[in-house]
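If you look up TrEMBL, you'll see Glu151 marked as active site. According to TrEMBL, the feature domain 'Aldehyde dehydrogenase' maps to 1-294. Under the heading region 'Disordered', TrEMBL lists 290-323.
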Amino acid sequence: MGKILSEATEEVEGAADKDEFVRHVRAANECQLIGGSSILVRDAHGVVAVCAPWNFPVDEILLLAIPALAAGNAVVVKPSEVAPLSGQAAVEALQAGLPSGLVGLVQGDGAVGQRLVESPLVDMVAMTGSSATGKRIMSACAGGLKRLVLELGGKDPFIVFEDADLDLAAKDAVAFSLMNCGQVCCAVERVYVAEAVQAAFEERVVALARGYVAGNGLDSGSKIGPMVSASQRKVVSSHVESAIAEGATCLLGGPAEAERLAGALPHGHFYPATVLSGVPQGARITAEETFGPVRRPRRLDGGEEKPSPSLVHFAAGGRDHAV
């Protein structure tokens, strides 16, 4: 999907270390004596449809499929249509060590996924993806009261207080914003900074983000690979351009650098590390998941920006000497 080599290697190595899930699930599957006269027995659901995302095309398949298999279920995996070969490799690795027919693979776009989750042969659905897709899956499964495991999008905050170590705060904010080109559901997408240290913090963020050079993921000097698709790059570009049009200041990257990258790196959907300041409340980038290498420090003043009730916060972080 365009990851730099170090991030791709880290994903594969992490994906291969999932035996801990098997141990926990096997322990949970054992019969339990409750009181003196009751026994708790857990039964498998049957067939679990695993709908995996493109941003971690190997790790997420194993993260969802292995617990289901360990609990006694069969699984049918549908990888993302924009990262089908990585998904196929993960499924083939599972199939190599399990009885024939226990792990299935279907490839295709959202229409194929819809047919899969609506199938009466599927008893449960496990999916990682956007909130919009999650809502459609919930609706499709409602009629049959199918069990669901959903991991959806977010707009996660990072808070920097006045007494924070600004060097460490900037390092964390940039690292957790730009990993995998920002295409992570728990990436930092909103940074709130105490007004007294905002300028100093922004200077540090820009200096660090400048070192995230976009390029071929196989090149050792690249810190950001291409985005997964032209459509995802378009989303990021539109968020940045609309924010600037509404009054935000671009401190690094942005449309001009994106245009330069398009000419210098024509084979891939690259977008530069971008830092925005002074983004007005109500801009699209404040309310929608961007899923790209863009950060927007904003003054923390006790309630200037109220998060949209439609947003899910997958994770939160911060820096403060008192924490």
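The backbone N, Cα and C atoms fix where each Cβ goes, glycine too.
Sequence-distant neighbours of Glu151 (active site) (same chain, six or more apart, CB under 8 Å from its CB) are Met127, Thr128, Gly129, Cys185, listed in sequence order.
Taken together, the residues of the domain 'Aldehyde dehydrogenase' (1-294) have an average pLDDT of 93.
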